[in-house]
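To start, the structure under review is shown below, and the notes come after it.
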């Protein structure tokens, strides 16, 4: 009898949830039907012709992003800001609330598990990690409206109804060029996020719009319920069905290029993908340890074929140069490469099938100890570094990464010209990598874990191409720029004048000097 009573109460509770959720969906459909529609097949509305006296208020979730799914953004915050345990708790809470809770409650639960207890000071995920995933979800159709508004309108205000403002601020400011941003806030106490999600501050939004002035054009069905408080001249809405036909914004159309980004995950952590990652983690850890032992203890003639049996791949292009020939001032050959991971010198050493020495600026002591090849630390003092590198080059082959830091995307940073003053010929080496689950680079204090994360991938791949030797005649800066261009052409990468300092200030808020 007790089980029968429990079952009847459960059915009654299920009908209650279904009835309330259905009413909510009906309300949303009714509101959308009452508002003006932006036809998916038409061009811009007539009022877009002159926007000089217009103020645009845009719902980011509805009019900028193609997909309304927010789980992967919160999972990125949980994993990158709190670790695997927090991410696992978020995954379990999401699966439970997805079945039994409303959308609003599910959103609040995700915020709670992602942010509760996280430090407010130093939160940089909105600039270092999340922009990449937001950019990959931007639709061209919505972006064109934002772009036109930023160029011609009196003002543009972006509103985030679902993703908290602290998560979208960096993306909208740094990559979309939006200055006025409104969103839901997260409670804070004693310098930590409490995890409580606040409602959108409508009074502040009204004051912001009033301060800008002009006729207000609203893009988003959510603004329909504010039409009594705000004198919107026009309200445009779109639907999920229409957004399915939207095209993703290509990288060459980004207002600001995505050169740097941080974080360990190399995939979009949807619920199923995240679940698969947690299932794979024990195997990935075992593979990383096994591959480290193989490449660290065995000669390259054995380690490379054995490594391929574990899923790792390597591709060698071009003929590796033999031992030094010609009239070189130094005793060994100088190999100059772009910087993809801390394993770059090891990949070059494997391609040569002989040991080399690598010079570094800020490699941790632990990384130096576990490195299978000899490493030497530089001081950032030009004269002292020249002396050290000359001494090392006189003893044998030397590998230098003149970018000074890694870059994940298809860009090359500025090459430091010091290497061009050491010898009369250098060997450029073009490097590229491919990962499918974890990035093998980071700006965190746990950089010593970078090689292990790279080797944790199911199928990590290294691509090594030895280019023709280049003479170092002329000014060292011209030689450095020429080699940067040569490597860029081989890889199809874009050249930049950005430096290590630029990267670390943007992603980590420091200059990237590792002390331990």
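Even glycines carry a Cβ here, placed using N, Cα and C.
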Under TrEMBL, the annotation transmembrane segment belongs to which of these stretches: 45-72, 73-100, 101-128?
73-100
Among ranges 224-248, 249-273, 274-298, whichever one TrEMBL labels transmembrane segment:
274-298
Per-residue pLDDT averaged over the domain 'Phospholipid/glycerol acyltransferase' (333-434), given as an integer:
91
Within the domain 'Phospholipid/glycerol acyltransferase' (333-434), how many residues are helix, strand or coil going by DSSP?
34 helix, 27 strand, 41 coil
